[in-house]
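The block underneath contains the structure these notes are about, expressed in C-alpha cells.
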Amino acid sequence: MKTSIATVSISGDLKEKLQAIAKAGFDGVEIFENDFLAFDESPRQVGQMVRDHGLEITLFQPFRDFEGMPEPLRSRTFDRAERKFDLMQEMGTDLVLVCSNVSSAALGGIDRAAADFFELGERAAKRGLRVGYEALAWGRHIHDHRDAWEIVRRADHPNIGLILDSFHTLSRKIDVNSIRSIPKEKIFIIQLADAPLIDMDLLYWSRHFRNMPGEGDLPVLDFMNAVAATGYDGYLSLEIFNDQFRGGSPTAIAVDGRRSLLYLGDQVRRAKSGSLTLPSMPARAAVDGIAFVEFTVDEAETSVLSDRLGALGFRHVGRHKTKRVDVFRQGDINLVVNTDPDGFAGASYALHGQSAYAMGLWVDDAEAAIARAVALGAERFEQPLNPGEIEMPAVRGVGGGILYFLDRRSALARIWEIEFDPVNDDADLQPVGLTGIDHVAQTMKYEELLTWLLFYTAILDAHKTPMVDIIDPAGVVRSQVVENASGRLRITLNGAENRNTLAGHFIAETFGSGIQHLAFATDDIFATAAALSANGFATLTISPNYYDDLEARFGLDPAFTDRLKAHNILYDRDDHGEYFQLYSPTYGEGFFFEIVQRSGYRGYGAANAIFRIAALRRHLRPIGLPKL
Ligand code: MG
Ligand code: MG
C-alpha cells in the first residue's frame, strides 16, 4: 500500500508541508496548484525538492472546467491544458486531475465529454502523460462517479482514466458497490476523505469540514472495500480540506493522516476484500480496564495529595523498591504518586506542575498492543530500568503524557508485587466504597480532539460516541468519548475552544493537555457520600436551584431530592438507567475527582455539566478565571 497526501491538506508553505509529509512517512504527494503558485521556486526546483524528500509527485491538481465547452472556450481549455502539461513535465509528474466542469458555459452530453477526453488523451500521450477524471459532487452535469466512469469508458483512451474520491461518492450517498465493476487499470488514483455528518451545502461541507478517514462519520471503509475488490493496488491519497487542519501543526496533521490510512488499510486487510498490498499488524487491543493512573508531584505537595487520597478512602499500600513512587489503592483503583525528581515524571513535573501525566491500560497482550501502536506511528516511550524493574511497554499520549500497556499473561500482571514493597501505615483509614475507575477525562485544545480520537480508536478496540457540547459559563467545550463495549474503557475527550472555560484554563495554566478529572465508580453513592463526610472530605457544593429544577424535570419524590441535595449529588437518567455524580472541589489549576454510580445509564451527565462547572469555578483560585 502506497500512501499520499495532497499539499492542500496541511498548513505551512510548500517546503514546510513537504517536510512534514516526508517525516510522517508518506510515499507521495499531490501538488495542489495554489501551493505551487504561491511558492517562489520554479516547477523544476519544486519537483527536485519533492524528490529530495524521498517523495513522488502522485498528481498535479486541479484542472477545472474542461469538458463539454462550446467554442471558442473549448480551444482555450485545450491551450490551458497544454500549458499545464508543460508545467507537469518540468515538475516531473505524469498525472493530472481534471474535475468535472462546474461552469455555466458547459454544454453537457456524455459523448461530447468523451470526445473531449479522447482528444486530451491524444495530446497527453504524446508527452507520456495521463489524465484522471473526477466527478465533483457539485459538478454542473457530472456529479456521480458512475457518469464519470461512463465518459472515461467511452473516451476509450489508455491515457484517460478515472479518479475516485470517497467524499464525492459518499456525500451523495452513491452506492459504493458500483465501483466493483470498474476495471482496476482504469482507476488512476484513489482519493480519500471522511467528514462529520452535517446537513449543509455539499461544496461548503467539502471545502471546510473534510477530515481523515476514521475521524468523521462517512462509511469510508465500505468505499475502500469496494475499491479493493477491483484489484486496485495503487496509491491511497488523502485530499482533506479542513479549516482547522490548515491552521494546525503540519507535523501533527501529517502524522494523523498517515495513521488514518494505515488504520483503514488494516481494516481492509481484515475484511479480505481485495488484493491491496497491506502491512500486517496485530489487531486493535482489547482493553480490560485502567490498571493505574500516575501523578507527578513534588515532595512538598505529597502530603497534601496523600491526605486527600486518604480522605477519599485510598490506602497507601506500596512503596517502590528503588524510586520515590507510592501506590494508593481502593477496590480495583491504583493511584501512583511519583515524586522522583529524575526521569520522565520529574521532567513532566518541571514542565506542567502537579498532574496526572500517565495511565496504564490492562490489555489482552501488551506486546501486541505496543506493536500496533508503533505500526500506526505512535511514539514509543522508554526510559532506563533500574535492576529488578520490569519493562512496561508505553507510548506518548495526550499532552506528551504516557500511555502504558499491561497484560495478565506476563510479569506485568504482578508489577505491584515485583517492583513495590508493601506498606501498612493507614490501618485506621476508612474506605468509601470506590470500586473502579468509571472514566478518565482528558482535556485538550479543540484542534487536538480529532487527533486523539483517531489515536485511541485506531490502537484500541473501542469506538467514539457522537460529539456533545458541554456548556461552560464562559464558552462551549466539545466532548467526545472513546469507550468499549464492556465499559471497561471510558475516556472522555474534552476540546476547549477558549481559555476562559474551566477546560481552557486548565490547559493554559498547566501548559498542555492532560487528564483533568478522574471519575471513580461506586455501587452506592449515598453510602459513599456519608463515608466521605465521616472522613472529612468536603464535596463540591451544588446550587440549591439545581435541585428544584431537577425535581420538576424528572418528577422526583421530594424526599429523594432532599437526599441528593444533602450530599451535593447530581442526578441524570436516560432510557437505560440512572446516573448519580458527586464532585471534589478543583485543585491547583482545575483538576478534580468525580464519583459516579451508574445503573445501565450510558452517558456522562452532560446535562449536569453547567451546574458543576459553575460550582467548580467558584473554587478556583481568585487569580484563576475571569469573573462572569
Ligand atoms: Mg478529490
Ligand atoms: Mg466526568
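From the backbone N, Cα and C atoms, a Cβ is placed for every residue, glycine too.
What TrEMBL says about this one:
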| type | residues | note |
| --- | --- | --- |
| BINDING | Glu134, Asp165, Gln191, Glu239 | divalent metal cation binding site |
| BINDING | His439, His517, Glu594 | Mg(2+) binding site |
| DOMAIN | 289-408 | domain 'VOC' |
| DOMAIN | 436-585 | domain 'VOC' |
Glu134 (divalent metal cation binding site), number of other Cβ atoms within 10 Å: 23
Coarse DSSP state, helix versus strand versus coil, of Glu239 (divalent metal cation binding site): coil
Neighbouring C-beta atoms (10 Å sphere around the C-beta of Asp165 (divalent metal cation binding site)): 25
Cβ neighbour count within 10 Å of Glu594 (Mg(2+) binding site): 21
Those residues of the chain, 6+ apart, with a Cβ under 8 Å from that of His517 (Mg(2+) binding site): Ala441, Phe591, Phe592, Phe593, Glu594
Where the C-beta lies under 6 angstroms from ligand 2, the matching binding-site residues among Glu134, Asp165, Glu239, Glu594: Glu594
PLDDT averaged over the residues of the domain 'VOC' (289-408): 93
Counts of helix, strand and coil residues, the domain 'VOC' (436-585), according to DSSP: 52 helix, 55 strand, 43 coil
Other same-chain residues whose Cβ falls within 8 Å of the Cβ centroid of Glu134, Asp165, Gln191, Glu239, the recorded divalent metal cation site, in sequence order: Leu97, Ile163, Leu164, Ser166, Phe167, His168, Ile189, Ile190, Leu192, Ala193, Ser237
Nearest-integer angstrom distance between the alpha carbons (Cα) of Gln191 (divalent metal cation binding site) and His439 (Mg(2+) binding site): 37
Neighbour count (Cβ, 10 Å) for Glu239 (divalent metal cation binding site): 27
